[in-house]
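This report refers to the structure that appears directly beneath it.
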Amino acid sequence: MARAKRVKRDSATNIYRTCKQAGTCPPDVINKVESTTIADKILQYGSAGVFFGGLGISTGKGTGGTTGYVPLGEGPAVRVGNAPTVIRPALVPDTIGPSDIIPVDTLNPVEPTTSSIVPLTDSTGPDLLPGEVETIAEIHPGPTRPPPDTAVTTSTNGSSAVLEVAPEPTPPSRVRVTRTQYHNPSFQVITESTPTTGESSLADHILVTSGTGGQTIGGSTPELIELQDFPSRYSFEIEEPTPPRRTSTPIQRIQNIIRRRGGGLTNRRLVQQVNVENPLFVSRPSRLVQFQFDNPAFEEEVTQIFEQDIDTFNEPPDRDFLDIKTLGRPQYSETPAGYVRVSRLGKRGTIRTRSGTQIGSQVHFYRDLSTINTEDPIELQLLGEHSGDATIVQGPVESTFIDINVDENPLSEDFSAHSDDLLLDEANEDFSGSQLVVGGRRSTSSYTVPRFETTRSGSYYVQDTKGYYVAYPEDRDTSTDIIYPTPDLPVVIIHTFDTSGDFYLHPSLSRKFKRRRKYL
């Protein structure tokens, strides 16, 4: 059965004109034409409390309302097509004419019989320069001081007159001391350090001492409350956590990422596990695969590919790296025992197909790093800085006076010319740290002294070897056994590599034939 074609309904305005009188209009047509939809009601109720007049918010064209669009911060808009607005001045215009400051005299009408010569008259204009300014200076005398009382001493006896003149009092002087300090970021003032001898001030601290003695009567005042000593900024203590931390950033998330990354390498069903004992695996793993020259500027932190012909067999330096085609970059993980493990994933190229594809298994090479033993901490000392107690030495208070007689020379001693005291040995020998060695444990040096054959009287050659040597003369009449060298006889050489039954005669044993020349 064919489905009827849907016919489009007429517009809502035409339907409303025909069905309004009969009262058969659909509800949606009535709401749309009479503006009684939900959206229209929201706008009607909202406009009762909020006024948006002049903004042009409606479904009509965007004209900006009655006043047009007005940019923010400017005056009213200008409509296009209207008559321009005439701007009227705010001030009343003045007439152009002579000023009222200078009077203008009117001239009488000139008659034909009057003379054309105009007499000149001296006129004085207004003085525009300022006049004399009167200056009055008042001098106030300073306060007068009463004269100082001078005491006069008189004497009634007949002695000579002594006049005592008192010094004039010195007026007090005002002294102003200023200090300018510039901030230097590269210089740090040490506010706590031990001063050297003779210093009484250090950095920005000034110590003022008054008096060198004193006596305390009675006991010291006890502390009313318990006081606490605040440590200096140079003294601090490092608290060790319990238990001690194993990593600098103990975050569980980082550990999970490391375990997830290393989980695929430890799968024994898919990857072969090989523990490498050679320490070159950490720094130069390529030297374990093939013999090559080292490049110090190249760091083997990337994946390495080794090109090797499968037809030619090359023995690697390490048998564990046989037929290695690819060796990955290092990966670091943590073992269950807490050690750091360096891992590299390699691939072997054992079998090659006819198409040229090489097939091999995956190998996980790893090496566990050894433990770093922690040594006992060494107490370090600050260089140039000392915190805590400070010692100040005052020279005038703690002085030592030594009475020295200039006429006496303590270094000169009185010894007579023939005194036996000059032969005395005043040095004290101390053998507390000495050791007595008996026997020839020390290695002795052997020197060869050459002897020359001569018919003259005995003369000897002694080599100077920084020591004392005694040369004894020898009797030349005694016979000396001379061992002469053995005659030059050929040596019989036996070659064991010859498996034949015959012997091999050395060329030195063969008979030499002389060549006979034929004379022509």
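Each Cβ is built from the backbone N, Cα and C atoms, and glycine gets one as well.
Here Swiss-Prot flags 1-10, 511-519 as motif 'Nuclear localization signal'. Residues or ranges marked as disulfide bond in Swiss-Prot (evidence: sequence analysis): C19-C25. Per Swiss-Prot, region 'Disordered' is recorded for 139-176. As annotated by Swiss-Prot, compositional bias 'Polar residues' applies to 151-160.
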Original post:
Considering the disulfide-bonded residues C19, C25, which residue's Cβ sits among the greatest number of other Cβ atoms within 10 Å?
Top reply: C25
Original post:
Helix, strand or coil: which one is C25 (disulfide bond) in, per DSSP?
Top reply: coil
Original post:
When the motif 'Nuclear localization signal' (1-10) is classified with DSSP, how many of its residues are helical, how many are strand and how many are coil?
Top reply: 0 helix, 0 strand, 10 coil
Original post:
Given the model, what does the mean pLDDT over the motif 'Nuclear localization signal' (1-10) come out as?
Top reply: 75
